[in-house]
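I have placed the structure first, in the form of structure tokens, so that the comments after it can refer back to it.
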Amino acid sequence: LNDIVAVGPEHFYATNDHYFLDSYLRSWEVYLGLAWSYVVYYSPSEVRVVAEGFDFANGINISPDG
């Protein structure tokens, strides 16, 4: 998990900047240029991937008007 942006009291988006947890596998992920990171949406009733195919999903934000 890299970054979170809240969009409600129990709802948020989060970025995952690497697919692997293991540092050795992460190094191969970077070396091979695998675009396996993604953005997820969380609510009490669901968790789903909403965007994928990033080299590094390294942060997220929301505009002032939502």
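Yeah, the Cβs are placed from backbone N, Cα and C, and that goes for glycine too.
For N2, D3, N58, the entry in TrEMBL reads Ca(2+) binding site.
N58 (Ca(2+) binding site) is surrounded by 13 other CB atoms, counting those within 10 A of its CB over all protein chains shown. Within 8 Å of the Cβ centroid of the Ca(2+) site, not counting the listed residues N2, D3, N58, the chain contributes L1, T15, N16, D17, F56, A57, G59, I60. Non-local neighbourhood of N2 (Ca(2+) binding site): A14, T15, N16, D17, A57, N58, G59, each in the same chain, at least six residues away, with C-beta under 8 Å from its C-beta.
A 10 Å cutoff on Cβ-Cβ distances gives D3 (Ca(2+) binding site) a total of 15 other Cβ atoms nearby, all chains included.
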